[in-house]
Amino acid sequence: MAVPASPQHPRGYGILLLTLLLKALATTASACNHLRPQDATFSHDSLQLLRDMAPTLPQLCPQHNASCSFNDTILDTSNTRQADKTTHDILQHLFKILSSPSTPAHWNDSQRQSLLNRIHRYTQHLEQCLDSSDTRSRTRWPRNLHLTIKKHFSCLHTFLQDNDYSACAWEHVRLQARAWFLHIHNLTGNTRT
């Protein structure tokens, strides 16, 4: 006669649950840890590519009055997840605007492609990190921050259209992109130290 299996002890379930939780946390940590070394160089290298991509214009540009202001104090956060989401959103908008087929002829296309590839790779790494951290955190991203960023980039697109995608209008956008890379540097530097 077979001996009936003894029922599993409740502590056994607790240990199993704890093991699974620790494994999930370790996966999340490893998915995000690879960003730390990249954070240190991403903005600096991107700024260098942006500078190399768009040499100085042969003519002086008139002062453009683009009403695309952005209150950068809205970006202040010590929450790594929120900083990652914000950085991801900014990079998606930068990628979209800089990959436009109407960029000026004097821009170095290979440098622009290198910058776009860099943005794309970093965005993918952020997506992996955000996807893995979704398993343990469901904090909501401030909607007004998302809308403010979206409104700013929409304004830049309109500005380009209104100025017929002129080289001077693109110079204004390039300067805005420079400011965004500096914001990203501050976001990632403040939350991963």
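Numbering starts at 1 and runs along the chain as displayed.
Cβ from N, Cα, C; glycine included.
These numbers come from a predicted model, not from an experiment.
For 1-31, the entry in Swiss-Prot reads signal peptide.
Annotation source Swiss-Prot lists disulfide bond at C32-C129 (among others). All protein chains shown were included, and the count of other CB atoms within 10 Å of the CB of C129 (disulfide bond) stands at 23.
The disulfide bond annotation in Swiss-Prot covers C61-C155 (among others), and the record cites sequence analysis as its basis. DSSP gives C61 (disulfide bond) a coil state; it is part of no helix or strand. For C61 (disulfide bond), the number of other Cβ atoms no farther than 10 Å from its own Cβ, over all displayed protein chains, is 13.
Residues annotated as N-linked glycosylation site in Swiss-Prot, with sequence analysis given as evidence: N65 (among others).
The feature disulfide bond is assigned by Swiss-Prot to C68-C168 (among others), with similarity to another entry given as support. Around C68 (disulfide bond), the same-chain residues at least 6 positions away in sequence with a Cβ under 8 Å from its Cβ are H152, C155, L156, F159, Q176.
The C-beta environment of N71 (N-linked glycosylation site), restricted to residues of the same chain at least 6 apart in sequence and closer than 8 Å, consists of T148. Under the heading N-linked glycosylation site, Swiss-Prot lists N71 (among others), citing sequence analysis as support.
Feature annotation from Swiss-Prot assigns N-linked glycosylation site to N108 (among others). DSSP assigns N108 (N-linked glycosylation site) to coil, not to a helix or a strand. Counting only residues at least six positions away in the same chain, the Cβ atoms of D52, M53, A54, P55 sit under 8 Å from the Cβ of N108 (N-linked glycosylation site).
The N-linked glycosylation site annotation in Swiss-Prot covers N186 (among others), and the record cites sequence analysis as its basis. Sequence-distant neighbours of N186 (N-linked glycosylation site) (same chain, six or more apart, CB under 8 Å from its CB) are L75, listed in sequence order.
Around the Cβ of C168 (disulfide bond), a 10 Å sphere holds 15 further Cβ atoms from the protein chains shown.
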